[in-house]
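Copied over from Swiss-Prot:
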type: BINDING; residues: Q31, T49, P50, T51, A52, S53, G54, K55, T56; note: ATP binding site
type: DOMAIN; residues: 36-200; note: domain 'Helicase ATP-binding'
type: DOMAIN; residues: 236-430; note: domain 'Helicase C-terminal'
type: MOTIF; residues: 148-151; note: motif 'DEAH box'
Amino acid sequence: MEEITVEDLPVDSKVKDIIKSRGIKKLNPPQTEAVKKGLIEDKRLLITTPTASGKTLMAELGMISHLLNKGGKAIYVTPLRALTSEKYSTFKDWEKLGFKVGVTSGDYDTDDPWLRNFDIIVTTYEKLDSLWRHSAEWLKDIDYFVLDEFHYMNDGDRGPVVEGVAVRAKRQGTILALSATIGNAKDVAKWLNADIVATNWRPVPLKEGVMYSEGKKGHIILYSDGTTNKLKGDDPIIAYTLDILSKGGQVIVFRSSRKYAETTAMKISQYMNFVKLDDKKLLETAERIKEVEDAGSNEKEVLYNLIVRGVAFHHAGLSKGLRDIIEASFRERIIKVITATPTLAAGVNLPARAVVIGDIYRFNRKIVGFTEMISTMEYRQMSGRAGRPGYDNHGEAIILVRSKVEVDKVIDKYLHSDIEPIESKLGAEGPFFSFVLSLIASEGEITEDRLKDYVEDTMLSKQLVRKYYNNAIDWLSKNEFIKSNDDRLQLTKFGRRVSDLYLNPFTAVTIKNYLERAESPCDIAYFHLIAYTPDGPLVSVGRNEEDALLDNLDCELIIDEPDDELEFSNYISALKVAFILKDWIEEVDEDTILSKYGIGSGDLRAIIDTMEWLTYGAFHVSSILDLNQHTSVLEKLHKRIADGVKEELLELVRVPGIGRARARLLFNQGIKRPEDIVMKPERVKSLLGQNLGEKIVKEAARIIA
């Protein structure tokens, strides 16, 4: 295909200047094909190409061309909050043309009216879904939708929301769907009424292989091109990593669990004295790790000792502050090796010369004790990180297998097979009922014919639509989420609040049913109930922890212990979450919580954020149902979770700049309310320091004014 230079693009010269300022002189093959298929002329496209093939620039060309030629608003939707920040930063370039760029995520109980003044909006699928539920007026102005990481429609948890957003988007404006390579692109494109741009082109060629051990003979890598490589050493991952490092490359090692990622990093670090490193920059990076505030002391110490050796681990248990430093240092080629869980493959763009997939088996989340092979899609996501443009003339993706017997099976599944097809994930009661509720919420009121028309526009088979539709209407009516009025379906007051709060209807019903029968639960019982809902956070519980959690329980729970093994697993997980939260609101030191429960700072933050939202939801559910004996308690618990304090500190933490530690310091010195801060400014300054003290006094005065 004839290439297109940036200068040849049929766009405004200012658009060309911005693209050229990034060092881009010509379009790559996928970008060229997209332009030739109508990207700049507002055509609907499904672009399915490997990682790092320039999909972001395609999105920018599509959005900016639309805004310049037709006006309106463009929205860029991604499944991950980390990606919203990354894309927002990139899109800020277009403010040079006079376009305002905004970003929003989280806080599902608002319609964000301030966004009406923005031209390009970056958000998550969940946030856009919640905005539609709130019937935000400014959403009607959006007529260009970029649906990023569209293959997430195949994800069991996120898929229903991605599909729901696509159903609405394709009725409202132009869609540009960006996806990794998928197995049924033609079917998906037909459903979206879009043309396809599908290619396996990569900016850096990929060399794939499978590695197995032959005992004392060493480790053999069989590459897909027929070549082989033989390595010496006790451990195959270490042997391969050192081989790549000796050639000036970087390595990402994917492991199936956090524990494996951490122990692998520690093993590799012991051999890094053979590798050329920039000790000064590594020490500077390690010192920055020490300064991160949203992380535990132990994990900072462990990472410090690894980073000075050029190695780090990366997983969701780490705080955002730690992950950001590790990612930046790896991009700057200071850290040479990252060992990670597969979540890194789905997140921010972080390429390396070589990628090792250390485990092709993982535990099934639904069936206790059952393992399964990772999908071909997951392998492609991980291998897609191999090869760094501008640094590597090729990338390598190596799969580690347990024995030579597995080699042929692995090559066939991951190197020679098509990726799994995208299928609807609305085919279960929970996601389907929630989808129907969201449609009614976004419409205000809707006829059954129009609602059926929406539902039949999903990728779900007509047979399954018929199976679930009547059940959904019956269940939502029976549980008082919706009501019928002259052949029109509307939300009840309860249904509207649940939808606005972005609660799963099954979560709302669970909370409603148990609160109605509970009299005066303890804090642990409230937390356990809320964590036991479908929206609740899950944490792993060791066998030795189960008895201890139950033995330490000193009050009665609202929910009886289940007999079913899987349900008991969820039940005991919810109990662990409840104990973690109880310690948090009793002002137990964060390091103590992390150590006591064996979690990371990222886990603690995720638990706090999720439970703060759900407790806020439970408060509103109890309020709208006039369950007054619970309402005031839940309101206080929500506020205490937000700040991690005892009830006596709630007044102080209202003041911006005062968190749990400063509030306790002030309280213990007799400063217990904002009024006390204003009355004793010199005492506050002596406790908090002159500059901070002055700011706190001003904020307190503003609050009580």
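Cβ atoms are placed via backbone N, Cα and C, with glycine included.
Where Swiss-Prot records a feature, it is marked here on the structure.
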{"residue": "Q31", "record": "ATP binding site", "contacts (Cβ under 8 Å, 6+ apart)": "I4, G54, L57, M58, L61"}
{"residue": "P50", "record": "ATP binding site", "contacts (Cβ under 8 Å, 6+ apart)": "A180, T181, N200, W201, R202, R380, G384"}
{"residue": "A52", "record": "ATP binding site", "contacts (Cβ under 8 Å, 6+ apart)": "R202, P203, V204, N349, P351, G384, G387, P389"}
{"residue": "T56", "record": "ATP binding site", "contacts (Cβ under 8 Å, 6+ apart)": "K87, T90"}
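Each of N28, P30, M58, P203 belongs to the same chain as Q31, T49, P50, T51, A52, S53, G54, K55, T56, is absent from that list, and has a C-beta within 8 angstroms of the C-beta centroid marking the ATP site.
Beyond the ends of the motif 'DEAH box' (148-151), by six or more residues, the same chain brings 46, 55, 59, 76-80, 83, 87, 162, 166, 177-180, 182, 188, 346, 377, 422 to within a C-beta distance below 8 angstroms of the stretch.
Classification of G54 (ATP binding site) by DSSP places it in coil, neither helical nor stranded. Mean model confidence of the motif 'DEAH box' (148-151) amounts to 94 (pLDDT, 0 to 100 scale). Taken through DSSP, the motif 'DEAH box' (148-151) splits into 2 helix, 0 strand, 2 coil. Using a 10 Å radius centred on the Cβ of G54 (ATP binding site) and all shown protein chains, the other Cβ atoms total 20. Residues listed for ATP, Q31, T49, P50, T51, A52, S53, G54, K55, T56, cover a largest CA to CA span of 13 Å. According to DSSP, Q31 (ATP binding site) is assigned to a helical segment.
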